[in-house]
Amino acid sequence: MTRSPWKRLLWLKQEYPDNYTDPSFIELRARQKAESNQKSDRKLSEAARAQIRLDFISFYQTILNTSFIYITFTYIYYYGFDPIPPTIFLSFITLIISRTKVDPLLSSFMDVKSSLIITFAMLTLSPVLKSLSKTTASDSIWTLSFWLTLWYIFVISSTKSKDKPSNLSTNILVALVAVLSSRLSTTIDVFCFLLICIQLNIILPTYLSVTNKVVPIISNIIVYSFLNVALGWIYMLLIFFASVFYITVLPKWFIYWKINYHKRDNDLLSTWDARTPILD
């Protein structure tokens, strides 16, 4: 009496031993081993390569935009400069850019409106934050801001819509700014710090694309100039070369891994496993 064909159902009682291996699986594995010994001729399309480079650049630009939060905070908290002039200048630039764009007016208006609501709400709550922060040690503030920063970068990098920040990333940004603003001395400093961070990380990214050549140049000049002043030119050069390595070399390594290893590792699962659930 012939046995029924083996099925890939672990919960089904079958007339096969527990260590049974299907012959088709063995043939597939042998064929893949033979192919792995040959020179790989798989290639990625130019569009796929360009998308990989763009993803690396987008993440790098996200790091730059996030670093503006700490640059602004250091400008106000450590150096004690007046935050009103840069706030007015940045607000003027934001207003000009928003008027020159041809995006739907209603959507842009809603983005600005929601950001302003958050700003004035935080301005109202800033005295409360100041009173609460008196009982909080600075080490706790720095630790909390560090983890909020990592969380913010992770969320905004994994957002599918790159032209509009998600609600979660906006809330994390507001929480991060609220934590840092508790160290500032006056309500005006808190308001200006919050307004600058919201414009740089919420409003302006909705208008400016990462492919814009002017924005990355200005961002890099500001960030590396600040690093030169704050850390010195040696550390600035180390960070600069690490950034160049990340933008130029790592994408090539990732493309090489994508061509030679990634598909090969997933061939077995994608071919053998069912694409849709198999029911009894």
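Any Cβ shown, glycine's included, is placed from N, Cα and C.
The feature topological domain 'Cytoplasmic' is assigned by Swiss-Prot to 1-53 (among others), with sequence analysis given as support. On the 0 to 100 pLDDT scale, the model's mean across the topological domain 'Cytoplasmic' (1-53) is 74.
Residues or ranges marked as topological domain 'Cytoplasmic' in Swiss-Prot: 97-108 (among others).
What Swiss-Prot lists as topological domain 'Extracellular' is 130-135 (among others), and the listing cites sequence analysis.
Positions annotated as topological domain 'Cytoplasmic' by Swiss-Prot, on the basis of sequence analysis: 157-189 (among others).
Residues 54, 57, 61, 64-65, 68 of the same chain, all 6+ positions outside the topological domain 'Extracellular' (211-220), place their C-beta atoms under 8 angstroms from a C-beta of that stretch. For 211-220 (among others), the entry in Swiss-Prot reads topological domain 'Extracellular', with the evidence type sequence analysis.
Per Swiss-Prot, topological domain 'Cytoplasmic' is recorded for 242-280 (among others).
The feature transmembrane segment is assigned by Swiss-Prot to 54-74 (among others). Only residues 6 or more beyond the boundaries of the transmembrane segment (54-74), in the same chain, are considered here, and those with a CB under 8 A from a CB of the stretch are 83, 86, 149, 152-153, 156-157, 162, 173, 176-177, 180, 183, 193, 196-197, 200-201, 205, 210-211, 215-216, 219-220, 222-223, 226, 230, 243, 246-247, 250-251, 254.
Swiss-Prot lists 76-96 (among others) with the feature transmembrane segment. Residues 183-184, 188-189, 192-193, 195-196, 199-200, 203-204 of the same chain sit 6 or more residues outside the transmembrane segment (76-96) yet have a Cβ under 8 Å from a Cβ within it.
Annotated transmembrane segment per Swiss-Prot: 109-129 (among others), in sequence order.
Marked as transmembrane segment by Swiss-Prot on the basis of sequence analysis: 136-156 (among others).
Taken from Swiss-Prot, the feature transmembrane segment applies to 190-210 (among others), supported by sequence analysis.
The transmembrane segment annotation in Swiss-Prot covers 221-241 (among others), and the record cites sequence analysis as its basis.
Sorting the topological domain 'Cytoplasmic' (157-189) by DSSP state (H, G, I as helix; E, B as strand; all else coil) yields 19 helix, 0 strand, 14 coil.
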